[in-house]
Amino acid sequence: MQKDSNSDAPGTPRLRRRRGSNEVPREVVKANGAHMLVDDRNKYKSMLIRLYSTLWMIGGFAFIIYMGHLYIWAMVVVIQIFMAKELFNLLRKAHEDKQLPGFRLLNWHFFFTALLYVYGRILSQRLVNTVTSDKFLYKLVSKLIKYHMVTCYFLYIAGFMWFILTLKKRRYKYQFGQYAWTHMILIVVFTQSSFTVANIFEGIFWFLLPASLIVINDIAAYIFGFFFGKTPLIKLSPKKTWEGFIGASVTTIISAFLLANIFGRFGWLTCPRKDISAGWLDCDPGPLFKPDYFTVPEWFPSWFPWREISVLPVQWHAVWLGLFASIIAPFGGFFASGFKRAFKIKDFGDSIPGHGGMTDRMDCQMVMAVFAYIYHQSFVAPQNLSVEMILDQIIMNLTFEEQQLLYSKLGQIIQDKMFGES
């Protein structure tokens, strides 16, 4: 039989590519021109695909924001499922899985156990606040919360025993590798996403602004790199350029200051959600969202249209968020780039045309969400106990009968003080 003229010569290493892998052969990269996006021959086609997907994502995101806290939380859960699926598949070997029926199901057992534990801890107090008016539901929810930790523990132990009982000879290394990989995924996905959900219920503002800044930084970096990128930024990500990085940083910081003024004027975005419901919110926005007025100096040009400028105090906090989003958060993307290079893949998945997988979009978002939560708790949230915080603890930790007893004792203490003062 005649040998194919395109086959590798003897002694030449053959290019290997896993079935279903996202890895791009080196020849394809070379045929496509230089690494710089400004020199990419197919850049306009890829830009249109990316633009189309971006518009759909922004439209869907805006609709979910309008629907409120509960729907945003549901969106985060869906994103977590997609990310877990992509990461589970990263080390999957089909020929090994065929010898281990039901082994994939074990990954999802651990995933949903972690889901129950994390959100049970975060949202338990708000769940109690939702059912306080119904005595039966209140008692039921109180019992569920009381035994929440032990329930999750035994679900995990059930998965642990399931894993041990399914161990097969000559498959030990693969199975233990998958077990460790699953736990690493759960740590990465849930540790950082839990901060995202905490931000949502502190006020949509503290979720929407950081998330928007990452999107703006990503788009600006792409545009500046697309038209002006010439100087490579980092070897881990060859298409990233200094021009894109600097242009995106300036754009993001300015956008942070301006967007905070816009978002901060809507009570729907600034009010914290104390329960799990979809009802409309109206609250006192607090001093951070009440404008300060500054008179424009006389030496300003006459064509400047405003003689007085209103600035929300939260805008100065937004500048710090913008600095982090533009300078530090991109390192989450660099980390993901290095990770993909280690596994010789182009993207984590292909669920978003022009963008890759869900994990490709969330790398910087997860880093940003953690910082936004820590910043809010350290510099924005009140550090002293407030009446609302004490009431929340009473509602969460005391039974209905204990609350009645506290009410009567507190009334007696106040009455005694009033008589003592008179």
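For all residues, glycine too, the Cβ spot is worked out from N, Cα and C.
TrEMBL annotations: computationally assigned, not manually curated.
Copied from TrEMBL, the annotated features are:
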type	residues	note
REGION	1-24	region 'Disordered'
TRANSMEM	47-66	transmembrane segment
TRANSMEM	72-91	transmembrane segment
TRANSMEM	103-124	transmembrane segment
TRANSMEM	144-167	transmembrane segment
TRANSMEM	179-198	transmembrane segment
TRANSMEM	204-229	transmembrane segment
TRANSMEM	241-263	transmembrane segment
TRANSMEM	314-336	transmembrane segment
Based on Cβ pairs under 8 Å, which of the stretches 47-66, 179-198, 204-229, 241-263 lies most in contact with the transmembrane segment (72-91)?
179-198
Long-range environment of the transmembrane segment (241-263) - Cβ separation under 8 angstroms, sequence gap at least 6
36-38, 205, 208-209, 212-213, 216-218, 220-226, 228-233, 269-270, 310-312, 314-315, 317-319, 321-323, 325-327, 330
Against the transmembrane segment (204-229), which of these stretches has the most C-beta pairs under 8 Å: 47-66, 103-124, 179-198, 314-336?
314-336
